[in-house]
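Have a look at the structure below, then the notes.
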Amino acid sequence: MAENNATLTIGDTSYDLPIMKGNEGPDVLDIRKLYGASDHFTFDPGFTSTASCESALTFIDGDEGILLHRGYSIEELSEKSSFMEVSYLLLNGELPSKTQLVEFSQTISRHTMLHEQLATFYRGFRRDAHPMAIMCGVVGALSAFYHDSTDISDPTHRMISSHRLIAKMPTIAAMAYKYSIGQPFLYPDNSLSYTGNFLRMTFGVPAEPYVVNPVIERAMDRIFILHADHEQNASTSTVRLAGSSGANPFACIAAGIACLWGPAHGGANEAALNMLREIGTPDKIPHYIERAKDKNDPFRLMGFGHRVYKNYDPRASVMQKTVREVLSELKVNDPIFDVALQLEDMALNDPYFIEKKLFPNVDFYSGIILSAIGFPTEMFTVLFALSRTVGWVAQWNEMISDPGQKIGRPRQLYTGPKHRPYPGFDER
Ligand code: CMC
């Protein structure tokens, strides 16, 4: 809602720009009518100063290190809630009653199986394919199997496809893993929790019963909560942009997965653990810190820095606590954890990182936990995609249900040649 105006003066002409106020965070200058009233665009590559939409889902205060979903802090949610409950909250706006939570969990569990023919789809991939490549392909292909829920103008279709995506992602992720190691796929077991079922489909084998370790189940569930949504990040913006054209939800989420894969985004958890392993021992840390500071060296501290957080990422603190719990439960003494702690300490006391406000982000510690649980590094980003799916579908639903929603269509500052005549070959 606009309460005030800002004035923009270009040459002799002034333009009133309404100032919009959210419930938290900076005010926003509404420039929607600027082009038309003037012949100017605004320029913001990387969207460092642009609010691309209104959203009631997630709030981040990057300076204070605050992350809220529907008003609830990530610390409280990861301590007191469950991934199913957070999923309900993100999709519906409020925490569920006990009955609503049971109903919601049952609804999700009814969609955990994949169309049987999708198993043959997996077999078209090479065994050494990256599981993110498989996940991208399989999720994109879901629209070919579930066309009964792709009418995006129908809220029931939208909700069914959202439930399907949340429910099927663990099955898809576990199958990608099983395929890569040559083990048979396991069907879902709906007597288990969302997370317990995922652990069983990933680490169980048909020959033996699989017993879910409750400490690992809880840690995994917390990791899912920590990744559930994060405002208008690159992959979420990709989902919204894809969805703004009216594309079906399966195609939109496949686009989000493709974007998440990059090492500056979801791929950073894999890159962070690889980096910690490359560092190997605490005595090598100073060398890597120097490399990260060297402008002529492309090396960066992976799992460090964030576009929005200029303070400790609150998810990283929860993650650090969870590492201790998991390592102690599994009686793993991973020297890489010590390297990570010392690297964090050294970086946080280095003027370069202090000045640029670079802190550990969610990806810095997650790899150590996932590796201790038994996931290979290639699966890390897959787990991120699995958890982020609820955020993507919640954001997509929010966008599509807005009656004023328009196709996303940015403009540009053109720097190519001006109009020129087409030359024949003898003139080139
Ligand atoms: N190591 C060393 N220097 C860094 C790092 C880092 N990890 N991150 C940023 N900087 C420096 C960068 O060189 C730049 O310096 P200068 O101003 O002298 O040119 C300054 O800090 C600002 O960096 P930027 O790249 O302009 O900032 P950005 O907001 O565009 O990028 C980022 C944010 C997350 C891509 C970046 O910090 C980064 O590449 N971090 C490592 C990858 C990573 O951990 N990504 C996961 C992000 S959290 C999970 C998610 O969103 O998926």
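Numbering starts at 1 and runs along the chain as it is shown here.
Just so you know, glycine gets a Cβ as well, placed from its N, Cα and C.
Note that TrEMBL annotation is computational and uncurated.
The annotation active site is assigned in TrEMBL to His306 (among others). Take the CB of His306 (active site) and look out to 10 A: across all protein chains shown you find 23 other CB atoms.
Note: Asp363 (active site) has non-local neighbours Gly266, Ala268, Asn269, Ala271, Ala272, Met302, Gly303, i.e. same-chain residues 6+ apart with C-beta under 8 A of its own C-beta. Among the features that TrEMBL reports, active site is placed at Asp363 (among others).
Through the fold, the region 'Disordered' (407-428) approaches residues 35, 41, 43, 52, 240-241, 244-246 of its own chain, all at least 6 residues removed from its boundaries and within a Cβ separation under 8 Å. Taken from TrEMBL, the feature region 'Disordered' covers 407-428.
Look at His306 (active site): DSSP puts it in coil.
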